[in-house]
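For reference, the structure discussed in these notes is given below.
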Amino acid sequence: MSNSKEVKSFLWTQSLRRELSGYCSNIKIQVIKDAQALLHGLDFSEVANVQRLMRKEKRDDSDLKRLRDLNQAVNNLVELKSVQQKNVLRVGTLTSDDLLVLAADLDRLKAKVIRGERPLAAGVYMGNLTAQQLEQRRVLLQMVGMGGGFRAGNTLGDGIVRVWDVRNPELLNNQFGTMPSLTIACMCKQGQADLNDVIQSLSDLGLVYTAKYPNMSDLDKLSQTHPILGIIEPKKSAINISGYNFSLSAAVKAGACLIDGGNMLETIKVTKSNLEGILKAALKVKRSLGMFVSDTPGERNPYENLLYKLCLSGEGWPYIASRTSIVGRAWDNTTVDLSGDVQQNAKPDKGNSNRLAQAQGMPAGLTYSQTMELKDSMLQLDPNAKTWIDIEGRPEDPVEIAIYQPNNGQYIHFYREPTDIKQFKQDSKHSHGIDIQDLFSVQPGLTSAVIESLPKNMVLSCQGADDIRKLLDSQNRRDIKLIDVSMQKDDARKFEDKIWDEYKHLCRMHTGIVTQKKKRGGKEEVTPHCALLDCLMFEAAVIGSPQIPTPRPVLSRDLVFRTGPPRVVL
C-alpha cells in the first residue's frame, strides 16, 4: 500500500472509530481469561502440527479436518465467540436508501471476495505440478522476463500457490480468522514467554495502532524493548494465514483489544438489537468521507472489512471472536428485505473449560521397582537388529532421546529436564520447539539408566554421529558402535510430512515455533525436530518408503513421567 493510500485508509479507520465508539467496549479482561483457558486446555502439540500443515504447498481434506478439529477445540475453550444468526435488514432504523446502498455494497463485496479467492492473473499457478516442474517453471518464467512480475497476496516469491485441494471448498469458510486470545496463548506457550510480558508487548503495539498502522519497522523497534515480539513474522500470503500464525495483523488486533478506552473497532460487540444502528453509523461515515467497496482484488479497506464482519458474525464480537461455528458468508447471513419481517433467533452455546496441568515436586531418580521394570523392558530390544538412535539438545545436556528398531517396531523414547536453561531456549527456538515447563514432570535419571542397560557391543545407526558418540562416551559406553548414514539433509527428511501426518500422536512435546535462517537472509518456519519421528523418517529415507512397521513403545508412561503423589524427601 502506498503512503497516500495508507494515510487515507487510516483516516477512514479513525473516523469509523469515532462514530462507532458507543458500540465499543473494554474486553481486555475477557480476552486474557480466554487466553488463560487456552493455555491450560489447548493441546499445543496439535497447534504445532497445524502450523506445519499450513506450511505445506498443497493441503487436502485430511489437513482441513485437522484444522477444523483444532478450531473447534479452541471454540469450546473460549467465551468470546460469535453465534450463528440470520440477519434480515428492513426499513426502520435504516431507510430504504440505506438498504439499497447496503445491498449494492454487499453485492460488490461478494464479487471482490470470490474473485480474490480465484486469481486469474498471469504468473499465478493453481494446478498440481510437481516440485521439480515448479522449479523448472520458475526458471523459465525468469528467462522470459516474468520472474519479478505478479506477486499477489496468495503467491510465494517463486510463483507457487499453496492451495487447498478439498472436495467441499465451503468447509474452508470461517476457519482462518485470527483471535487475540489465541494469538496471546500461542505467543506465551510457543514463545516460552510470561503472560504479563506478552500482554505488555501487545499493549504497546496497540498504542502505536491508535496513531498509525504499525509496520515491520515499528515492530523491530518495539522488539528491542519486548523481545517476544520477535516471534512475529513478515507479511504472509492470505491463503496461508490462519489463527495459529504469528502475523503482524494478528498481533495488532490483539494489541487493539488490550487498550482500555481506545474506541477500537476490534472491540465492537454486535447484538440483534444494535446491528442496524451500527450499520447506520457506518453509512454516515461512508457518505462523509466517500468510502467505497473497491473492485480491485486484495486486502479489504476498513469499510469493506467492517461491512463483511458485521454481516457475517451474527451475535458476538465480529473482529475478535471465534467464528469457526459460523456457516456461510456475509452475503448468506445478512439479506435486505424492504417489505418482509423475517426473524430468526439463535441461542448462544456457552461452553468453557479450564484444565490446569502443573509439575509437582517428586523424588529424584528411579526407585528400585522402576529400575527392575526398566531392565525387564529393555529385554524387548533385539541386540542384533538394526537400531536407530537420535537425540535433541546437546550431548552433555540432552532433552530428548529415542532408540528405534524398524524390524519389530520397538522404540524407546523419553525426555530429560535440561540444566542449561539459556542454551535450551535457543535450541527450542531453532531446533526442537519443546517448552521447558513440559519437562518438569519427566522422570530424572532415565538417560543414564537406559544407556547403561543397552546390550554390550550393540551397533546403532544415526544421522550424524558426533553428538551421539559424545553422549555414549560420557556414560562410559565406548563399546557401542555407531554407523553414521550421513544422508544429505533434504534426503534424510524427504518423508518428514508423511511421517508427521501418520505418527504425530506418538509425541506431543514439540509445541513451539521453530525457525531457521534462509541462505539468502531472513528466517523461515520449519517443522520441529523430534528424536523419535526423526528416527522413523531416517528409516523411511533409507528404505525409500514411509511404510514402516507400526511403532510400539518399550517403556511404560509411568517410567517416562512421574505420576505418583508428591512427597517431601528427608
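Every residue, even glycine, has its Cβ placed from backbone N, Cα and C.
Binding of Mn(2+) is annotated in Swiss-Prot for Asp390, Glu392; the matching candidate from Asp260, Asp501, Asp534, Asp558 at the same site is Asp534. Zn(2+) binding, as stated in Swiss-Prot, involves Cys507, His510, Cys530; the candidate among Glu396, Glu400, Glu417, Glu452 given for that site is Glu400.
Cα-Cα distance from Asp467 (site 'Important for exonuclease activity') to Asp534 (Mn(2+) binding site): 15 Å (rounded to the nearest whole number). Long-range C-beta contacts of Glu400 (Zn(2+) binding site), restricted to its own chain and to partners at least six residues apart, with a cutoff below 8 Å, comprise Ile391, Glu392, Gly393, His413, Phe414, Tyr415, Arg416, His432, Ile434, Met509, Cys530, Ala531, Leu532.
Apart from Asp390, Glu392, Asp534, the Mn(2+) site neighbourhood in this chain, defined by C-beta within 8 angstroms of the site C-beta centre, holds Ile391, Glu400, Ala402, His432, His529, Cys530, Ala531, Leu532, Leu533, Cys535. Of all the recorded positions listed here (Asp467, Asp534), it is Asp467 whose C-beta has the fewest other C-beta atoms within 10 angstroms.
Residues Glu400, Cys507, His510, Cys530 make up the record's Zn(2+) site, and a Cβ search at 8 Å around their centroid adds Glu392, His432, Ile434, Met509, Pro528, His529, Ala531, Leu532, Leu533 from the same chain. Highest Cβ count within 10 Å among the binding-site residues Cys507, Cys530: Cys530. In the three-state DSSP scheme, Cys507 (Zn(2+) binding site) falls into the coil class.
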